[in-house]
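*Asks:* After the structure tokens below, expect a handful of questions from me.
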């Protein structure tokens, strides 16, 4: 067995990440709010020993939003439901620090961690589309740098709440009648730039101590934040060299914060299309690409650029440069990818269609897919992948045909190593700050 | 079969509602964060055709909090998990309007309603214990009247968000490529005294249109709020005459708001202790009462009075009158009950112990319990009950021994009438305000 094992996540996304995916003949059109659909996918991913399920999120829509954003389950509720019918797979919910009370968020994640037997993960997001603030009575969005300052403080508060109970605070001794050891329950007493939270949390420390922290932004501030706090990064490189550069940068930054870089997993998104032959795989990818209209591809592109209206430009012309500049403020990574494609001479329409149905080298036979995954792992382009289901049924195909090859090659686990998500990822339970302080005091 | 059928709810409360319940020899001490414990109880209640499961809540604790408050699941996450392993039983989660963003709350309840196939209920609370505001960076608690003004506005916003999608807004026609009928997706555009929320909600209208609204306060403002908005009221009368007075008052108030009073269910809490003989039942109740120490009974009493420290008084003396006055501000119903007991000449200690292990006439044989329930139903003291499990195993005893008698008497359903909670309660799906407006416009 290889030293480093490939980590795999599966993104539960209902009708599919592409604008027109729902039009596929086999697509279930109401998938986004169907518990049976989610359970079927979750159980298939668990059969394939996937490390985790991932639910993305956003908090505002309008009539121009894509089917996938428009109507979907809220992450914490759907993952709580999925927890009850799965056993070992991690459950990563996206939640924003901008519009959730930290006490509520800390509590719901701790609750999910308890009820899942230690399988919760939190994908921390700060960047939202224009319009979100209006759903929360906020005058406006914070600026990019300010958002990350809030995120730093927020994370400290949430971790502090998770630590407000020491592991052995609950005595629960029937004979003596002592339920709680009050010395091991701690107020947080936080008063900072953005937040003021007293604590303690009203749920005990959960099996993982703290849910696993994911992060998904790749701007400069996002990278710093991830290197400091995250245990896994959901990223978007499609090219190995690009992946390697990102990988090396993030691992170096983590080292810079005194962290073990092997405890920060870099996980690009991938949308594999598996066929029994190369031709079949290409035909299937063609089915997928054929679903997308230019109009919707342009709208999808707009979503990464503050809901910009790209239909006003000639699709056979160049990508409008001033828009890319604007986009850097809201979604830096999308913007950079588009600029790179424009530099290659692609037209606006070509860029939109490419973004709508990325190939990313993940179209091929099971052997080819396994080769590709192995290459990225061994060349340190990533530590694994975050998989989207490209076409209905592809998750099952992947589990039945690609996973066994990865296992045979010794780069993917035969079974889960433990019970909790942290155990399965090889991550330690974070030291409880209050226990640490107690030990320091008693040593002094 | 009788006209009116008894409604039954079961309160999922982990270690039990009494301070020392966890010390019972058969009690599972870690029940409050055990999914298997919750699932076992949920499935037993569903076997007994209970109308709903109920999860109470609070948002602040300290080292003096009772075991039941101290450490427990967050309601929406645990009920989402329970939803995945039950089929027909309603799922009522308590959430406060004081410390949740209405967009998040509306969304999580809609998500629960979708994933449960239409079984969500929301117990709207406004009144919280001292200390809560500190967990949310708020300077202080709103006053009683202001809280209910906020609750009115909040409910209107949440219902407006639930209505932001008309029932048939999602077209999802693969042939034409139309996913959404944008004319049937509506912004809310609310700007009021307390809240400002644009909408629309990012999840479509759920199977019940709107989750069932519960309410649990019985102050003057609470009654008005309930009569206006609630479809079920969780109340606390133990004496039939008291129950009848409350019942008549609330039904009259509902009529005053132009509502059908039969669509507002009055459901007092009850903690039945069932024995095969009266003696066995009394012995079991004695076991329960014997678990409570005077010290904890006084602490439990304090919780209803702004965390007042009752241990400073002589337990054999009278209930301190000035404290009752203070208590009226935070928990009017508890305060009135205590004042009534004091007027009967009970000492502080006696009052504390009585409050800690109420009998309420629900101690007896299965026949006696059925008699009691039937009496309350027929005399219109209530429309049913919200049951606590008094001692470990009593839920199963109730389901196996009391439910069949109620069914034989024709005052309790043989099976669920429909799929959704509303269908099972005989409540209509609320008319969507945007659909109503459209119909009015097209008629004009």
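From the backbone N, Cα and C atoms, a Cβ is placed for every residue, glycine too.
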*Asks:* Considering the FMN binding residues B:57, B:144, B:148, B:218, B:219 given in TrEMBL, which of B:33, B:86, B:94, B:96 is annotated for that site as well?
*Replies:* B:94
*Asks:* Check the domain 'Luciferase-like' (B:26-381) for me and report the mean pLDDT.
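*Replies:* Computed over the domain 'Luciferase-like' (B:26-381), the mean pLDDT is 92 on the 0 to 100 scale.
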*Asks:* Long-range same-chain neighbours of residue B:57 (FMN binding site), Cβ under 8 Å, sequence gap at least 6?
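*Replies:* Residue B:57 (FMN binding site) has long-range Cβ partners B:74, B:75, B:93, B:94, B:95, B:96, B:123, B:125.
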*Asks:* Near the Cβ of residue B:219 (FMN binding site), how many other Cβ atoms are there if near means within 10 Å?
*Replies:* 21
*Asks:* Tell me, if you would, which residue among B:94, B:218 (binding-site residues) has the fewest other CB atoms within 10 Å in the structure shown?
*Replies:* B:94
*Asks:* I'd like the number of other C-beta atoms within 10 A of the C-beta of residue B:148 (FMN binding site), please.
*Replies:* 22
*Asks:* Quick check: in three-state DSSP terms, what is residue B:148 (FMN binding site)?
*Replies:* helix
